[in-house]
Amino acid sequence: MSMIKHGTRAFGSPSRYIQGRWELDRLKEYTDAYGKRVLILVDCFFYGEYKVKFENMYSEGESSVSVIEFKGEITAEKIDQIAESVKQFNPDVVAGMGGGKTMDTAKAVADIFKAATVIIPTTASTDAPVIGLSVIYTDSGEHVGARHYVKNPDLVLLDTDIICKAPVRFLVAGMGDALATFIETRANLESHSPNYVWKGYCSTIAVRAIAEACHSTILTKGVNAKIAAENGLCTLDVEDVIEANALLSGLGVQNSSCAGAHSIAEGLTVLPPCIKLLHGEVVAFGILVQLIIEGRPEEEIKEIYDFYKAVHLPSTFEDLGIKDVTPEEIMAVAEESLKSYWDVEPFPVTAQMIYDAIVMADRLGISS
């Protein structure tokens, strides 16, 4: 628990955020503002479709492009390998198109070259696009740490035509990640903990307002957004939820900090079935654990469980794909999660407290 009751306030954000249908067609126009040598890391699911498109896009004029396929985990070794492979190209701009691992790798490579960072999400499943950090894993998917950068991405470009075509599961997972924003920001403010902008700086009034807007947007528009997305529609509710998942949630966590919900998400990586889940799905379960540990009002907790049922976010061990979980496995999750962000809570948290809250979250999920 780090107490900063009064001191310097800090706020960080991407330099530019652009969200709209067919905006990817203007990528060269945007990157020209930052440099002429553009490296684009493309998720393996999109590489075949977009490699030629990007090469054609940059075929005219003075700009040059190098398009690289990204697949697998984001590891320190892979970041270094990619950087070494493009050393001669020496990019002015590094763009990452795909999911969180591709985007975080692009941030890391851009940091090595001190290049401008352009992030192009293909789903609205996390708040990773706008945050100035990369989460690092092992080859087997276990969380090992994070790299924090001195700036957020220079441009975050969301083409909602692409995002609306993604499986609905990604949009819903993003809602789970976004719901953690207010809940973890509140813990950060109550404990007077530092934020992620610099070291030791206070959170601002603005971040609470952003976190509250994120929370209310998800709870009031999330169900309708899911229905619209299931029918291939990009309605205003969908656009608003995309903004909440990506921008509002990202600004929230950058300018406060993670807390219990993300601690549980990282603790769950010790259980093999959970490695296959989306980030927002395990964070969603972590929210329940955090609310229980904090002793929040029954009405608040029930509202979250009801929302999970409506959009199909996990609230039980079974929902997480964990069968016949043992007390030892639950304690392993609790102990692993203690290595993360529980010190942001406004009171000391122990492994036994986490264990009890994990079990309680599952039981409430079964009965809700």
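Using the three backbone atoms N, Cα and C, a Cβ is placed for every residue, glycine included.
Curation does not apply to TrEMBL; its annotations are automatic.
On a predicted model such as this, the values are computed, not experimentally measured, just so you know.
All protein chains considered, the CB of L133 (NAD(+) binding site) has 17 other CB atoms within 10 Å. DSSP classifies L133 (NAD(+) binding site) as strand under the three-state reduction. The annotation NAD(+) binding site is assigned in TrEMBL to D43, G100, K101, T102, M103, D104, T122, T123, A124, S125, L133, Y137.
Taken from TrEMBL, the feature glycerol binding site covers D127, D177, H262, H279. Non-local neighbourhood of D127 (glycerol binding site): G174, D177, A178, T181, N245, A246, S249, G250, G252, V253, each in the same chain, at least six residues away, with C-beta under 8 Å from its C-beta.
What TrEMBL records for 14-160 is domain 'Alcohol dehydrogenase iron-type/glycerol dehydrogenase GldA'.
Counted with DSSP, the domain 'Alcohol dehydrogenase iron-type/glycerol dehydrogenase GldA' (14-160) comes out as 51 helix, 47 strand, 49 coil. The candidate set comprises the binding-site residues K101, H262, H279. Of these, H262 has the most other Cβ atoms within 10 Å. The maximal spread of the NAD(+) binding site, taken as the longest Cα to Cα distance among D43, G100, K101, T102, M103, D104, T122, T123, A124, S125, L133, Y137, is 21 Å. Confidence in the domain 'Alcohol dehydrogenase iron-type/glycerol dehydrogenase GldA' (14-160), given as mean pLDDT, stands at 96. Taking the C-alpha positions, the distance from D43 (NAD(+) binding site) to H279 (glycerol binding site) comes to 17 Å.
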